[in-house]
Every structure is written in C-alpha cells, then in structure tokens.
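Here is what Swiss-Prot records for this protein:
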SIGNAL    1-35  signal peptide
BINDING   Y36, C56, C59, H60  heme binding site
TRANSMEM  286-306  transmembrane segment
Amino acid sequence: MQTRNAFSWLKKQITRSISVSLMIYILTRTSISSAYPIFAQQGYENPREATGRIVCANCHLANKPVEIEVPQAVLPDTVFEAVVRIPYDMQLKQVLANGKKGGLNVGAVLILPEGFELAPPDRISPEMKEKIGNLSFQSYRPNKTNILVVGPVPGKKYSEITFPILSPDPATKKDVHFLKYPIYVGGNRGRGQIYPDGNKSNNTVYNATAAGIVSKIIRKEKGGYEITITDASEGRQVVDIIPPGPELLVSEGESIKFDQPLTSNPNVGGFGQGDAEIVLQDPLRVQGLLFFLASVILAQIFLVLKKKQFEKVQLAEMNF
C-alpha cells in the first residue's frame with residue numbers, strides 16, 4: 001500500500017514539473033517573440049516619422065537593404081500579396097542576449113494606405129497560406145489596421161515574408177478613392193544596438209568613457225568585463241562595464257583616449273526601409289479600356305476587309 005502511494009505521489013510530482021516547465025517555456029517564447037514590435041508600438045504613435053524615417057532605425061543602427069514587391073494595380077475588395085524580402089548571409093551568427101552566438105531573426109513593418117488591411121483568413125487562398133507559413137501578423141494599433149508588424153521570426157525560414165492584403169472598396173468606404181497610393185516598408189535582420197530607454201544592448205561597440213591608462217580588467221563570472229581606467233593627471237578612476245558578447249580590444253597598461261573603442265562591434269544585422277506604389281483601379285475604367293481596345297481591333301479588321309474588297313473590285317474592273 002505504501003509503495004502504491006509513493007508511486008502515485010511521484011507520478012503527480014513528475015506531471016506537475018513537466019506542466020510548470022512547459023508553461024515557463026511558452027511564456028518565455030511569447031515574451032521573446034512579442035518583445036521587438038512592442039518596443040516601437042509602445043514608444044511611438046506612428047512608426048513613420050514626418051521626415052519619412054521609420055522609427056525602427058532608432059534601435060537598429062546599421063543600414064541594410066530591404067525589398068518590397070506589390071502588384072502595379074488592384075481592383076476593389078481584392079486580396080493580393082505584398083512580398084517583403086530581407087536579404088542577408090545565412091551563414092552569419094549574431095550575439096544573443098546571453099553573449100552566445102545564434103542565428104539571426106527578422107522582423108518587418110508594413111505601412112499601407114488608409115483602408116487597406118490584413119486579409120481575413122477566409123479570404124486567403126490555400127496557395128497564399130502556404131507562402132505565409134506560420135507567421136502571425138498584428139496591427140500596429142487597434143485603430144491603425146493599415147499598419148502591420150511581424151516578428152521577430154527565424155531569418156533562415158522567413159527572409160521572405162508574404163503579407164495577405166485586402167484592398168478597400170470605395171463603394172462602401174467613402175474616404176477611399178481610385179488613386180495611386182504609396183506603400184512603405186521597414187525590415188530588420190538581427191538584434192538592435194540600443195534599447196528604447198537609450199541603454200546599449202550587448203550587440204554593439206563599447207567606448208571608453210574617460211581617457212587614461214587601463215589599470216585593471218576583471219573578467220566577470222557570467223561573461224563580460226569590468227575595465228578600470230585611471231586618469232594619471234587627476235588620479236580619478238572610472239569603471240566601464242562591458243556585457244558578455246563584444247570582443248575586448250584593449251589590455252591592462254594600455255593608454256587610451258576618450259571615446260576610444262574598448263570592444264569590437266559584434267553587430268552583423270541592420271535595418272532598411274523602402275517604398276512602392278499601387279493603383280486602386282476602377283473596374284468601370286478597366287471595362288472602358290477593354291471596350292476601347294476591342295473597338296480599335298474591330299476597326300482594324302474591318303479596314304483590312306474593306307481594303308481586300310476594294311482590291312478585288314479593282315482587279316475585276318481591270319480584267320473587264
């Protein structure tokens with residue numbers, strides 16, 4: 001009886017441990033996956049400044065390319081693809097928050113014209129769903145459904161991101177018109193160099209906060225360094241803290257200048273932005289164009305037939 005009770009108690013403890021571990025993993029993954037877009041969402045009402053600069057560039061300092069591909073024109077109430085490409089060398093490894101090396105993640109923000117929005121799931125074709133994969137898109141704000149964010153997601157799998165977009169219908173949305181509209185995109189690969197509060201991440205270069213002699217370098221147990229700089233003229237000491245990740249470039253006894261790099265720059269990623277144009281096409285205009293082209297073709301056909309008939313008449317008169 002005691003053996004059975006002990007076995008039952010052990011089984012409950014194992015089940016509880018597995019459940020707790022699974023909950024921690026899920027919460028951690030959720031926190032990590034939602035952290036980066038939230039930085040911009042919490043700090044800025046609009047991700048695109050009046051100058052045209054997308055605010056993600058405030059934290060991702062390196063400039064890298066990004067590409068966007070959209071149709072030249074779309075009809076009202078139509079689902080189409082906006083493809084964002086974030087190219088980078090897949091062999092690169094970035095510095096993670098714990099100082100270790102890992103793969104790069106990517107993220108993107110898509111700023112659509114007013115009225116354009118994420119297509120509902122029941123309007124997305126199976127072919128488009130296959131291109132989208134397991135990506136989860138969200139609106140930048142509940143009242144800004146035309147601005148979409150995604151990421152961070154693994155770069156090796158999602159360096160090309162397909163957004164399913166639904167075009168508006170001017171017949172139901174009076175503030176939308178049949179015009180040419182701009183679309184703006186921002187895309188990053190890798191972690192940022194500065195947090196929204198202004199503090200540096202461990203994915204950037206660290207500079208000396210004072211000039212003098214490097215009198216002491218202490219390697220911390222969990223990684224990183226404490227560098228003591230002594231100013232010989234004033235006799236004061238300054239301690240610079242280096243987090244785990246960047247590679248140290250100075251040594252004890254070395255004379256350094258103010259703002260001199262103490263570490264290498266481990267950043268291999270960066271942010272880029274681009275734009276494209278799309279025309280919301282009036283179906284009646286398309287029908288009118290088709291009618292015009294058809295009339296031109298018919299006119300050409302009748303002209304050819306008339307010419308051949310005229311030639312036959314001329315030939316008959318000559319034979320007569």
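Every residue, even glycine, has its Cβ placed from backbone N, Cα and C.
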| Structural state of H60 (heme binding site), classified by DSSP into three states | coil
| field | Among C56, C59, which are binding-site residues, the residue with the most C-beta atoms within 10 angstroms of its C-beta | value | C56
| field | Other CB atoms, at most 10 A from the CB of H60 (heme binding site) | value | 26
